[in-house]
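One structure is given below, encoded as structure tokens.
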Amino acid sequence: MRSKHVLYIAILFSSIFGGKGIQQNEEFQRYDGWYNNLANSEWGSAGSRLHRDARSYYSDGVYSVNNSLPSARELSDILFKGESGIPNTRGCTTLLAFFSQVVAYEIMQSNGVSCPLETLKIQVPLCDNVFDKECEGKTEIPFTRAKYDKATGNGLNSPREQINERTSWIDGSFIYGTTQPWVSSLRSFKQGRLAEGVPGYPPLNNPHIPLNNPAPPQVHRLMSPDRLFMLGDSRVNENPGLLSFGLILFRWHNYNANQIHREHPDWTDEQIFQAARRLVIASMQKIIAYDFVPGLLGEDVRLSNYTKYMPHVPPGISHAFGAAAFRFPHSIVPPAMLLRKRGNKCEFRTEVGGYPALRLCQNWWNAQDIVKEYSVDEIILGMASQIAERDDNIVVEDLRDYIFGPMHFSRLDVVASSIMRGRDNGVPPYNELRRTFGLAPKTWETMNEDFYKKHTAKVEKLKELYGGNILYLDAYVGGMLEGGENGPGELFKEIIKDQFTRIRDGDRFWFENKLNGLFTDEEVQMIHSITLRDIIKATTDIDETMLQKDVFFFKEGDPCPQPFQVNTTGLEPCVPFMQSTYWTDNDTTYVFTLIGLACVPLICYGIGRYLVNRRIAIGHNSACDSLTTDFANDDCGAKGDIYGVNALEWLQEEYIRQVRIEIENTTLAVKKPRGGILRKIRFETGQKIELFHSMPNPSAMHGPFVLLSQKNNHHLVIRLSSDRDLSKFLDQIRQAASGINAEVIIKDEENSILLSQAITKERRQDRLDLFFREAYAKAFNDSELQDSETSFDSSNDDILNETISREELASAMGMKANNEFVKRMFAMTAKHNEDSLSFNEFLTVLREFVNAPQKQKLQTLFKMCDLEGKNKVLRKDLAELVKSLNQTAGVHITESVQLRLFNEVLHYAGVSNDAKYLTYDDFNALFSDIPDKQPVGLPFNRKNYQPSIGETSSLNSFAVVDRSINSSAPLTLIHKVSAFLETYRQHVFIVFCFVAINLVLFFERFWHYRYMAENRDLRRVMGAGIAITRGAAGALSFCMALILLTVCRNIITLLRETVIAQYIPFDSAIAFHKIVALFAAFWATLHTVGHCVNFYHVGTQSQEGLACLFQEAFFGSNFLPSISYWFFSTITGLTGIALVAVMCIIYVFALPCFIKRAYHAFRLTHLLNIAFYALTLLHGLPKLLDSPKFGYYVVGPIVLFVIDRIIGLMQYYKKLEIVNAEILPSDIIYIEYRRPREFKYKSGQWVTVSSPSISCTFNESHAFSIASSPQDENMKLYIKAVGPWTWKLRSELIRSLNTGSPFPLIHMKGPYGDGNQEWMDYEVAIMVGAGIGVTPYASTLVDLVQRTSSDSFHRVRCRKVYFLWVCSTHKNYEWFVDVLKNVEDQARSGILETHIFVTQTFHKFDLRTTMLYICEKHFRATNSGISMFTGLHAKNHFGRPNFKAFFQFIQSEHKEQSKIGVFSCGPVNLNESIAEGCADANRQRDAPSFAHRFETF
């Protein structure tokens, strides 16, 4: 019999393909269904809309499901629950039941999830025996709405239309798939066959094509996709029956291909494949349309005879068909499958568990193992013998209670899902759908009269649930109730028949269509003769005697009837449903990851503190890196009783110098390496000498510290080369102390403690400053003079018990200890101890000088000068006192001239030149024109300002009337705010624009992700979190782009010379850099925290949810990403964590405390910005949430940044030789080096300098203002030693000066722009320099006089310059005095006016100031206006400048000007005072305005 069947098939193939071949240019039917209908190419294609055969029924008419309808689960329990095992009265076999699933999967897949996921909840009745066994009433069955066309669902005229992801044609997509890549993965490309794994079976899914692979509910875990067979439909491995049909059709294709190849060996692989595919499709079309459909609907219902192809007929799957009618076969599916052995004997197999049938609920998504265990033959034979369930409303529990679901809800209800699918698709109610198909409406009683009679209570309950209104009855419920023993009811029959008719008539490639030229009439008749039985026999080892003629039905007399009607009795029980969260096992990783991220900045801060403390602990700092105790000196060894040792003296944290320590008898001397005493300490009889030294082996690099304390003076802190030197040093101290009975106390301490306790000269000075501030606050009764951080009252023992020495008093007054004025004042004041002065003693005398009447002050001065106590003062003693004051003030006149000036002053007061003594009356006459209350100086606050007589002559340039000076009220908040806005209007505008752009970018992205991005599931999963983080990302990208522009120093320098400089305050580029950095830190923090929350939500999502969230990513079907995956296994996660770490490192080491103490670390960590930008670019590349946009933000700034660096390299000058260097007072360093020929700059600009001789970390350079004029041949810099690098440079220069060795070479970059370079843009300019801030004006003033004294004067716009120099004492700036002398000598008459404000007298004695005024006034009057202090014509002022009065004077002097430039360089408080003065002056709208440019150090 087998041979007869093979012969028959061979004849069939010979008949069909014997007379012609398939040409290469012949049209092959597409896999995706497109262009089947040439007029409507998308009809029936994969991804096309479902066909709407009746109007949609949504509660809002657009897309909303009617939530007022009864619970789908409750309907399922009432109507579809029942006993299984009732045989089908028509004799339908299980083959028909499972083949209906093949047909459904062949033509539709409309339950795919849509993005965003729309999950509805099906309410479970209380105490449901499957889903609510504990009677909690909280369980809800999840239902996910189907994928739909995004172009629909937007209005009443365009209701939501779901999508069919399969083709509507019967075209073999169940076997081949719907895409070319999918088909290619299935083919062997040999002889037209589909690829095989083992013979007769397709390969397993090692290539991981996207087959459906949900977690089998019976094991409740994800399984590897490698175990699944690869076939055309992704759902084919769902159950054993479905997979068996898939394998049958797979073999049918290869069987056909073999036959065709045998007949036509010359055909190509593609020709054979397409020919075999044609026959497979044709045979499926015939079996489905003419065998299956009548079998399902009943023999009396058949499709009409085929007439012709009808291109106007839409083949699309209708909503009513897919969501209701074609779900009727659920009622005939049995709970288990019989397994029948091959052979002539009628034997059935028990499954491996000993159960008589294979339970369906226990084998979801395990079909491949069943097939391999029992074979396709046994499954097919079992289904052929097994009678299906009866055609009724009952659905077995394997489908109704235990069908597979997602992992978080492992079992679902297929009936409830079908009801919800109809509602989701907008299928109209039962009666309305009947009217659409020309059927009369039904009532509750007539819907199924037999059912109503038998189950009246159920119908009544149903009626109650729908409120008695049958107009709301779901079509699926009504259609299922219509059915009976003869199959589906009339509504479902009409829908199914209509659907298959449209599919057939609208298919251009239908096998009966004569116009497509595929088959002849004879070939069509031959195809009509093919049955499913023929295909089974051709593809299995089943003999024809084992199968009935019609495998869809089992009739009496057919071979091997079933032994029993399968029901749930005696079968393997179903594993109950389980609920779980996808967050399981993620808690620990998530919590510890967040803790780790939070600890990153703390760790960075800890590392920074460790670096700083370690340097302190081992006494290591950059100032002593290159210094050792091994240096040459004039007296290296001990001479006689003199002990000597080389050491390093630790003066302050960033300054260490080489010294020679010598101990002779009871004196310890600190000397310079080549001679010269720096300090002497004498040990007194009975003195307690305290010594602290480092613990043994404190540092292998430098050796131990020694601290020697001294009362009323700063400690001596030295570092010896070794512990051996330390031992010898201590022995010498003990020996010196033993001779005078002094007690020596020696203790060892850790370096960090020792250095922190050391009262260095700097720390002692801070304490003295506090001492004097508090005393002045008491004396002047002015709380503003107090330390803002120290609270002082009369009970503060720490201050009251403080004493100062004569040397410290002299230093505070700016005098020397041997100064006559100091000696006399100290002798008169120190009453309890001749060596020290207490706080109360100092306060008493201070009050006398400040608050006492003028008469009492003169008496005090008279007592100081009356050394003999005879109530008269020796003329020469008073002369010596005045001479000491002049010497302190730095008077630049000889002693003879001073004596002449002194005699002139006395003569002016009426004292005879012959008088040897002066009486008190002479003193009174001498100071008669001095006010009783004279201000200390010109304070910044401008309160109660009245120029004194002495000041008036010195302040004649400022003699203006100020209406508000005498009656100025305290500044209100509004006044301060308005002054700030007036001063910083450009800055405020720029910052406002910056903030506005940040907010616009943030809210644009926020709005987009919160309200617009509906095609993703972001909003449902993450809520506002994703909107916040994406908004922060947009603003952060902008900040990171902008921050690059703020450091393009070379480009900024070029822009300063353009009109842009008038609108953008480039002076504040670094300040703006910090503002942008703070905003970036805020956005980055918000972004990071937001995503930490977001990824928690991501970790709770199913695979479908993740597919919607991350549409650009692909996850394996057996892979559910954990939180550790997101954090540590994705580019986004890893780069995100790396970015947090890098950003924390950069920001932490950019804190001022680390910049000051660990500058190298700051420089190095800022190089991580390169990695920061690279990581940020990588961060967005995976496109998890959106396409990366960071590159669009930064591409322009990066290009400009690179151009800026190229310009910088072009302006990089290496190994410049220092030709001259000096160490000036106040720790100022002067260097002069050769100017490169091509180096051009403007006065007021600055350069960055580094030196290869100073061992610094990579790329360290420091900025300094240029002191030389553009016309000079050499470059000059004046550098204040304040940090590690400058102190190290100072030490190197000292070494070179002492040893005569070459100066260190330097590298230079620049020049860079500065606000001071704009002075030439104004006709009137005001320049204010304070401290080392006068450096840029050394260049500017020289440039000014050289320009104005040359023939090109007419090219210089500037016509008047006011220069104000604010300094504590000009003695420390002799170099600048020389510059001013040179400027005065060359300046054109009237172009430059200079004022010098000496602030050291502020908080000092007004008596001293008064005497200086008197001498200065008389000297100027007799020496052509030259100052006796400076030798300059510049006016001297004792106190601080009153900028408000000065600016008002300038406005009155230059009314014709519209704008006047103000340039300042100095400390913050100076610039703030100038800015405030400018703001006040700018309120005068009819006067010139002031434009302030400043530099702060």
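Just so it is clear, glycine is given a Cβ too, placed from its N, Cα and C backbone atoms.
Annotation comment: Swiss-Prot describes 22-587 (among others) as topological domain 'Extracellular'.
Residues or ranges marked as region 'Peroxidase-like' by Swiss-Prot: 26-590.
Sequence-distant neighbours of the transmembrane segment (588-608) (same chain, 6+ residues past either end, Cβ-Cβ under 8 Å): 1088, 1092, 1095-1096, 1099, 1122-1124, 1127, 1137, 1140-1141, 1144-1145, 1147-1149, 1151, 1153-1154, 1158, 1161. The feature transmembrane segment is assigned by Swiss-Prot to 588-608 (among others), with sequence analysis given as support.
The feature topological domain 'Cytoplasmic' is assigned by Swiss-Prot to 609-986 (among others), with sequence analysis given as support.
The transmembrane segment annotation in Swiss-Prot covers 987-1007 (among others) and is backed by sequence analysis.
Beyond the ends of the topological domain 'Extracellular' (1008-1024), by six or more residues, the same chain brings 115-117, 150, 1030-1031, 1093-1094, 1097-1098, 1101, 1105, 1108-1109, 1111, 1185 to within a C-beta distance below 8 angstroms of the stretch. The topological domain 'Extracellular' annotation in Swiss-Prot covers 1008-1024 (among others) and rests on sequence analysis.
Taken from Swiss-Prot, the feature transmembrane segment applies to 1025-1045 (among others).
Residues annotated as domain 'Ferric oxidoreductase' in Swiss-Prot: 1030-1210.
Over the topological domain 'Cytoplasmic' (1046-1068) the predicted model carries a mean pLDDT of 84. Among the features that Swiss-Prot reports, topological domain 'Cytoplasmic' is placed at 1046-1068 (among others).
Note on the transmembrane segment (1069-1089): residues 597, 990-991, 994-995, 998, 1002, 1028-1029, 1032-1033, 1035-1036, 1039-1040, 1042-1043, 1046-1047, 1049, 1052, 1136, 1139-1140, 1143, 1147, 1150 of its chain, located 6 or more positions outside it, place their CB under 8 angstroms from a CB of the stretch. The transmembrane segment annotation in Swiss-Prot covers 1069-1089 (among others).
Here Swiss-Prot flags 1090-1134 (among others) as topological domain 'Extracellular', drawing on sequence analysis. Away from its own ends, the topological domain 'Extracellular' (1090-1134) comes close to residues 113-117, 144, 208, 210-214, 222-225, 406-408, 581-583, 585-586, 589-590, 593-594, 597, 1016-1018, 1021-1023, 1025-1026, 1028-1029, 1032, 1178-1185 of its chain (Cβ-Cβ under 8 Å, at least six residues beyond either end).
As annotated by Swiss-Prot, transmembrane segment applies to 1135-1155 (among others), with the evidence given as sequence analysis.
What Swiss-Prot lists as topological domain 'Cytoplasmic' is 1156-1163 (among others), and the listing cites sequence analysis.
The transmembrane segment annotation in Swiss-Prot covers 1164-1184 (among others).
Listed as Cβ neighbours of the topological domain 'Extracellular' (1185-1189) (distance under 8 Å, sequence separation of 6 or more from its ends, same chain) are residues 1016, 1018, 1026, 1030, 1034, 1037, 1109-1110, 1177, 1179. According to Swiss-Prot, the feature topological domain 'Extracellular' maps to 1185-1189 (among others).
What Swiss-Prot lists as transmembrane segment is 1190-1210 (among others).
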**Message:** Please count the residues of the topological domain 'Extracellular' (1008-1024) that DSSP assigns to helix (H, G, I), strand (E, B) and coil.
**Reply:** 11 helix, 0 strand, 6 coil
**Ranked first among 987-1007, 1025-1045, 1135-1155, 1190-1210 for CB pairs under 8 angstroms with the transmembrane segment (1164-1184)** = 1135-1155
**Request:** Please figure out which one of 987-1007, 1025-1045, 1135-1155 racks up the most CB pairs under 8 Å against the transmembrane segment (1190-1210).
**Result:** 1025-1045
**Request:** Flag the pair the transmembrane segment (1025-1045) / the transmembrane segment (1135-1155) as in contact if three or more Cβ pairs fall under 8 Å (sequence separation 6 or more).
**Result:** no
**Request:** Summarise the topological domain 'Extracellular' (1090-1134) by DSSP state, stating how many residues are helix, strand and coil.
**Result:** 26 helix, 0 strand, 19 coil
**Request:** Provide the three-state DSSP residue tally for the topological domain 'Cytoplasmic' (1156-1163): helix first, then strand, then coil.
**Result:** 7 helix, 0 strand, 1 coil
**Asked** For the topological domain 'Extracellular' (1185-1189), DSSP counts of helix, strand and coil?
**Response** 0 helix, 0 strand, 5 coil
**Message:** Can you work out which residues elsewhere in the same chain, 6+ from the ends of the topological domain 'Cytoplasmic' (1046-1068), have a Cβ less than 8 Å from its Cβ atoms?
**Reply:** 986-987, 990, 1076, 1200-1201, 1203-1204, 1207-1208, 1211, 1245, 1311-1315, 1317-1318, 1493-1495
**Request:** For the topological domain 'Cytoplasmic' (1046-1068), give the DSSP counts of helix residues, strand residues and coil residues.
**Result:** 14 helix, 0 strand, 9 coil
